[in-house]
Amino acid sequence: MSADASTNSNASLDEKNLNITSEAEIKNEDVTAEPVLSTVLSPNGKIVYISDKVDEAMKLAEEAKEIEVTPEEDRKLRWKIDYCMFPLMCILYAVQFMDKISTSSAAVMGLRTDLKMHGDQYSWVTSAFYFGYLFMNLGPVQFIFQRTSHMSKMLAVFIVIWGMLLALHAAPTVKYPSFIVLRVLLGCAESVVTPCFTIITAQYWKTEEQFTRVSIWFGMNGLGSILINAIAYGVYIHQDSYAIKGWRTLFVITGVITIFIGILIFLWIPDDPSKARFLSKREKLMVVQRIRSNQQGFGNHEIKKYQIIEALKDVRTWLYFLFTVSSNIPNGGISSFMSILLNSDFGYSSKETLLMGLPTGAVELVGCPLFGILAVYAANKKIPFWKYKLSWAIFAAVLALIASCMLGFATNSKKARLAGAYLWYISPVSFICVLSNISANSSGYSKKWTVSSINLVAYAAANLAGPQTFIAKQAPKYHGAKVAMVVCYAVMIVLLSILLIVNLRENKRRDKIAAERGFPEETENLEFSDLTDFENPNFRYTL
């Protein structure tokens, strides 16, 4: 290549503000075979080619660019989205948790006796659910839901199916083997809710709003716990009035409720903001404008292999994975065995156990949203350390560690152990923070789905293993399970601290690079180009 050609090449690149000094650097990049709309320089110094396979929000981006949204309009739109989307989302999340832990209440209502369970067989009832959950998140969930343009409709179908499966738990012909099969299938059906909700949250709310929203809908697990204990108590005290056993009646009731909620989801929740019947044309454009700062849009229905590979190479993916394993081994055990602990370890009767389970849900229902609100307040006030959401996750993990120690080692005080059991229900705050991190910090639709799926594989595997820490021969104290909880929460604190440091350092590095590059001409609608967080120079990680 001649010197003149080299000079011309460099000049053309400088005109694009790419800060590339030689044509060789372009040749080192993998140029896509797809039509190239534009190029951008990633934070790692690589040229990124933007193809025509962009985010769904790009269809509205040009039109949205022309409108101006006042702070008052933005506030009203946010409240409208909250009002129209959130109640049904919260109810569904409460119902899915109610269904998931229904076996815990059924266990003290005669389930174990009627199905002739012995030894560790009850532990496998819970683990079976997570075998199905694990299988679906190994790939099927991502393939089905990323490829479809009707995400909420597909979600509704899965909800109705799991409602039917739950009602089938009550069939008089169900024995232990068939009950296990039903639990596996139920896990398959329920596995879709959390990843779908993570995507929906990113579609409608800004990154700074997402932690509070995830805290609220995930905190509805507490409402689900209250509902299942209340329904179970009502069934238990009137069980002589039914033609079938009380625990079978419980599954029929919860199954019918779930089917009804699935129908409502199908009729009301839109597939993405552009299809929301409760939003006017202008409001749909306003949604596009308000999520520009997220550096991501509604999603892309093509599965991009390079984004999957990037997700596998991202250290955050594996920090999420290890954290989720650590946080959900205790969760898998306590969710299934809390009623049994109250009954056998604390000495409450079956009737008292169902009542004593109510406060556990109240702690989670109030505590999780409260942490989300406090985190937003601290961020707005820029309070050192506490302005980071991950700081609140670390604090919640410390509380969970204290609660586990109280539950496991306060052997001389029943009240202290009971207080620890209740305080433990604040522990989901840490997991909520990680879910909101995945929603906000994993950019690129295929990458987001991949990271979410890997995280939920860890969730399923840990919840599958959790009940196995409750060894039958250690009943009623289950000392080994309590020690495992303490170890897991100690590991969680370390992992969350590492995640915070990694994101802080990367944001500082990107700020430094941006300052050195100056202010190049902005690539139009870059945030809706379906770029990953590794590719987008404007992306900063939520802390």
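Glycine is no exception: its Cβ is also placed from the backbone N, Cα and C atoms.
According to Swiss-Prot, the protein has these features:
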type     : residues : note
TOPO_DOM : 1-80     : topological domain 'Cytoplasmic'
TRANSMEM : 81-97    : transmembrane segment
TOPO_DOM : 98-123   : topological domain 'Extracellular'
TRANSMEM : 124-145  : transmembrane segment
TOPO_DOM : 146-154  : topological domain 'Cytoplasmic'
TRANSMEM : 155-171  : transmembrane segment
TOPO_DOM : 172-178  : topological domain 'Extracellular'
TRANSMEM : 179-200  : transmembrane segment
TOPO_DOM : 201-213  : topological domain 'Cytoplasmic'
TRANSMEM : 214-237  : transmembrane segment
TOPO_DOM : 238-248  : topological domain 'Extracellular'
TRANSMEM : 249-269  : transmembrane segment
TOPO_DOM : 270-317  : topological domain 'Cytoplasmic'
TRANSMEM : 318-342  : transmembrane segment
TOPO_DOM : 343-352  : topological domain 'Extracellular'
TRANSMEM : 353-377  : transmembrane segment
TOPO_DOM : 378-389  : topological domain 'Cytoplasmic'
TRANSMEM : 390-411  : transmembrane segment
TOPO_DOM : 412-417  : topological domain 'Extracellular'
TRANSMEM : 418-435  : transmembrane segment
TOPO_DOM : 436-453  : topological domain 'Cytoplasmic'
TRANSMEM : 454-472  : transmembrane segment
TOPO_DOM : 473-482  : topological domain 'Extracellular'
TRANSMEM : 483-504  : transmembrane segment
TOPO_DOM : 505-543  : topological domain 'Cytoplasmic'
When DSSP states are grouped into helix, strand and coil, how many residues of the topological domain 'Extracellular' (343-352) land in each?
-> 6 helix, 0 strand, 4 coil
Might you confirm whether the transmembrane segment (214-237) is in contact with the transmembrane segment (155-171), defined here as three or more C-beta pairs under 8 A between residues 6 or more apart in sequence?
-> no
Dominant neighbour of the transmembrane segment (418-435) in 81-97, 124-145, 179-200, 390-411, 483-504, by Cβ pairs under 8 Å = 390-411
Contact yes or no, the transmembrane segment (179-200) and the transmembrane segment (454-472), 3+ Cβ pairs under 8 Å, gap 6+ = yes
Same-chain Cβ contacts of the topological domain 'Extracellular' (412-417) under 8 Å, 6 or more residues past its ends?
-> 346, 406
Summed over the topological domain 'Cytoplasmic' (270-317), the DSSP helix, strand and coil counts are 28 helix, 0 strand, 20 coil
Contact set of the transmembrane segment (124-145) with the rest of its chain, CB cutoff 8 A exclusive, min separation 6+ beyond the ends, reads 100, 103, 117, 151, 154-155, 179-181, 183-192, 195-196, 199, 303, 332, 335-336, 449-450, 452-454, 456-457, 459-461, 463-468
Looking only at the topological domain 'Extracellular' (343-352), mean pLDDT returns 80
Quick one: find which recorded stretch in 81-97, 214-237, 353-377, 390-411, 454-472 has the most Cβ pairs under 8 Å with the transmembrane segment (249-269).
-> 81-97
Other than its close neighbours in sequence, what residues sit by the topological domain 'Cytoplasmic' (505-543), given a CB gap under 8 Å and a spacing of at least six beyond its ends?
-> 16-19, 37-38, 40-44, 46, 48, 50, 53-55, 57-58, 61-62, 65, 207-208, 210-211, 288, 292-297, 300, 304, 307, 310, 314, 387-390, 436-437, 440-445, 447
Using a Cβ distance cut-off of under 8 Å, indicate which of 81-97, 214-237, 318-342, 390-411 has the most pairs with the transmembrane segment (454-472).
-> 318-342
Near the transmembrane segment (214-237), which same-chain residues lie under 8 Å Cβ to Cβ, leaving out any that are not at least 6 residues past its ends?
-> 86, 89-91, 93-102, 104-106, 109, 197-198, 201, 246, 249-250, 253-254, 350-351, 354-355, 357-358, 360-369, 371-373, 375, 425, 428-429, 431-432, 435-436, 439
